[in-house]
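S.K.: Input: one structure, supplied below.
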Amino acid sequence: MARRPEHTAPPEIFYNEDEAKKYSQNTRIIEIQEEMSERAYELLIMPEDQPALILDIGCGSGLSGSVLEENGHQWIGIDISQAMLDIACEREVEGDLILGDIGEGMPFKAGTFDGAISISAIQWLCNADKKHHVPQRRLYQFFTTLYACLTRNARAVFQFYPENAEQIEMITNQALRSGFYGGVVVDYPNSTKAKKYFLVLMTGGVQQLPAGLGTEESSEQIPYSKKREMAKNARGKDMKGSKQWIMHKKERRRQQGNDTRADSKYTARKRSGRF
């Protein structure tokens, strides 16, 4: 059995330049990250046609942030790996990026964000990579400061890879101690390969958790990954990654008053190390 990444090295070391490159070159990794980000966004249940500010926790190379962009939202990402953030900068993502250790807490003002997502990040907090690290304390510090910087009707959705039932319980207990309501949603619980865990947290009181995918499937249901693709095609949006799509993104950044690279003959040109 392969070693879990969090047992190999601390995240700021494991996600070095070589590992970070995989998130811009390996099509399988890109596909998986985007699918999980789509699902996490779906579980946020954001109001339609209402742009929001969303926090991307463990944002990495910005793949999850790109999903938020496509849905019309602004985002801020935080990650402990400088190499991963460098890849995000190379990709010219629209979100603002912060280098930081989420176990030390969220450095944002109260009520800043309308929601939060996280892909494959919080299980790292269950490790004690330094002598002074106590997983329960780091999880509590993270969740209490996250709760504070969310609005009072917000959701936070975390896709994660739990090592065992005890780890799920530890993460969930610290989240609930911090003021959140919610629990774990499991997609495809009867599949070894397709099973995915999502911690869905709410600040606005007790609400019913969404149903996991694959629990009551029928032939009439459309997989979530296809729904947005069909909707985007129906709205006549440009294909992701095309020159028209990139030019549209850059023009939107200019209208928002953000710094944007000038157009050139190299704009949207395919090159090695990019996608």
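Each Cβ is built from the backbone N, Cα and C atoms, and glycine gets one as well.
Straight out of TrEMBL:
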- 54-131: domain 'Methyltransferase' (DOMAIN)
- 201-272: domain '18S rRNA (guanine(1575)-N(7))-methyltransferase Bud23 C-terminal' (DOMAIN)
- 212-275: region 'Disordered' (REGION)
- 226-241: compositional bias 'Basic and acidic residues' (COMPBIAS)
- 254-266: compositional bias 'Basic and acidic residues' (COMPBIAS)
S.K.: Write out how many residues of the domain 'Methyltransferase' (54-131) are helix, how many strand and how many coil, based on DSSP.
M.R.: 25 helix, 21 strand, 32 coil
S.K.: Please give the average pLDDT for the domain 'Methyltransferase' (54-131) in this predicted model.
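M.R.: Summarising the domain 'Methyltransferase' (54-131) by its mean pLDDT gives 93.
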